[in-house]
Amino acid sequence: MEFSVKSGSPEKQRSACIVVGVFEPRRLSPIAEQLDKISDGYISALLRRGELEGKPGQTLLLHHVPNVLSERILLIGCGKERELDERQYKQVIQKTINTLNDTGSMEAVCFLTELHVKGRNNYWKVRQAVETAKETLYSFDQLKTNKSEPRRPLRKMVFNVPTRRELTSGERAIQHGLAIAAGIKAAKDLGNMPPNICNAAYLASQARQLADSYSKNVITRVIGEQQMRELGMNAYLAVGHGSQNESLMSVIEYKGNPSEDARPIVLVGKGLTFDSGGISIKPSEGMDEMKYDMCGAAAVYGVMRMVAELQLPINVIGVLAGCENMPGGRAYRPGDVLTTMSGQTVEVLNTDAEGRLVLCDVLTYVERFEPEAVIDVATLTGACVIALGHHITGLMSNHNPLAHELIGASEQAGDRAWRLPLGDEFQEQLESNFADMANIGGRPGGAITAGCFLSRFTRKYNWAHLDIAGTAWRSGKAKGATGRPVALLSQFLLNRAGFNGEE
């Protein structure tokens, strides 16, 4: 679908459809009032007759409104004006896209971007409208043989801004929104792929294709098991021992700042393409969803695509830590003691706490890049789901400014994260009689003790950990990958690049 931005009066629009908002109770938005005045009270008369209350999700399609050039006007219920927040705004946009497609509109001029959303400017409203529209239209049917093409006649959406001064920021919002939406789609597509197709080799092939598509700024290197052995990445290797699929670490380097002093931001994504739990095997119910245990790597891939598409003037390295955790005669066992790349030893108490074993070696590996900051993204703990549910990502960090940056970016992007503590009292839960540490610390504070484990491998740089176990995918009827936290990390990097969305 094509997006553009313009500044114009609603009565002069010759588009097939104009979209305006109505608040509860039967209150016209300012743009709707203009149309009502031009039409000699035609719209307000319909509302007085009870045709539309203005509740969220309500719609009314008007044809051939007097004195209006557009063929149709779509009225969208926006709820109470004072309660229009970010979440409600996105829901209104989603309803708009679905209704326009259902009614056969091929193009529309949307004035919803002129609604007042507390604390949000036109850039934010246009960008979120683009991202939400793309999210609404997403489907994953690559593997279906009988594809039923959904009815989607909508081809062009124009967002209106109040004055010509906002056109530049509106165009930039569309550019950013499309790049972020493409990154989210890429992450969702990877996440939704079945594990018999999407293994570590598949992740590596996608990383190589990204470098081919953006060869000017991107190079990809793939590190296999032989090189991992030479590097001493024994914890990473142990996790993949039970699988017939080779563990592969894909390193995607984007260089947008040629200065020798420009240190990179490193993103590390957990890429367990299937996690059976290993010898500490998981219950069979819901095990199919363990294909989503690579959503951290998928998110990092999506963010790297966004960075390359927008050619941000910063240096970013994305690492996809591809691996598969399976039981078998060669699988690692509870009771094993592993020597990590850092030299620290780990007693394995549970082979289903494998993500941290993969990540700890990758976090040691990335020291060589002398990073400005390192952010790992992982579907790490069920404990984080218990703590924060399926709406908020868990955040831990050894650096307060970095944590504050990420929280701020999460609020800007509408991809929320919440900071959890890292304290010495939690570190004590990882003590082992036989090694430097155990790979689990018991049930209490499980998300935090996982973060504490990782923190022992990040002492040489500023680091943050995003636990996306609750936010990376949905179960039930709407089952599928969400693409989070691509939006959060994209906003963080846009801010670092100087594009913070302020007009």
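Every residue, even glycine, has its Cβ placed from backbone N, Cα and C.
Quick caveat, the model's predicted, so the values are computed rather than measured.
Marked as Mn(2+) 2 binding site by Swiss-Prot: LYS270, ASP275, ASP293, GLU354. Taken residue by residue with DSSP, ASP293 (Mn(2+) 2 binding site) is part of a helix.
Residues or ranges marked as Mn(2+) 1 binding site in Swiss-Prot (evidence: sequence analysis): ASP275, ASP352, GLU354. Taking the Cβ of ASP352 (Mn(2+) 1 binding site) as reference, residues of its chain lying under 8 Å away and at least six apart in sequence are, in sequence order, ASP275, GLY277, GLY278, SER280, ILE281, LYS282, ASN325.
The active site feature in Swiss-Prot is assigned to LYS282 (among others). Cβ neighbour count for LYS282 (active site): 15 (other Cβ atoms within 10 Å of its Cβ, all protein chains included). Mapped onto three states, the DSSP output places LYS282 (active site) in coil.
The active site feature in Swiss-Prot is assigned to ARG356 (among others). According to its DSSP assignment, ARG356 (active site) is helical. Of all the Cβ atoms in the protein chains shown, 27 others lie within 10 Å of the Cβ of ARG356 (active site).
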Same-chain residues at least 6 apart in sequence whose Cβ lies under 8 Å from LYS270 (Mn(2+) 2 binding site): ASP293, MET294, GLY296, ALA297, ALA321, GLY355, VAL358, LEU359, ASP376, VAL377, ALA378, THR379, LEU380
ASP275 (Mn(2+) 2 binding site), number of other Cβ atoms within 10 Å: 26
Neighbouring C-beta atoms (10 Å sphere around the C-beta of GLU354 (Mn(2+) 2 binding site)): 29
Cβ within 8 Å of the mean position of the Cβ atoms of ASP275, ASP352, GLU354: remaining residues of the chain near Mn(2+) 1: VAL239, LEU272, SER276, GLY277, GLY278, SER280, LYS282, MET290, ASP293, ASN325, THR351, ALA353, GLY355
Cβ within 8 Å of the mean position of the Cβ atoms of LYS270, ASP275, ASP293, GLU354: remaining residues of the chain near Mn(2+) 2: VAL239, LEU272, MET290, MET294, CYS323, ASN325, GLY355, VAL358, ALA378, THR379
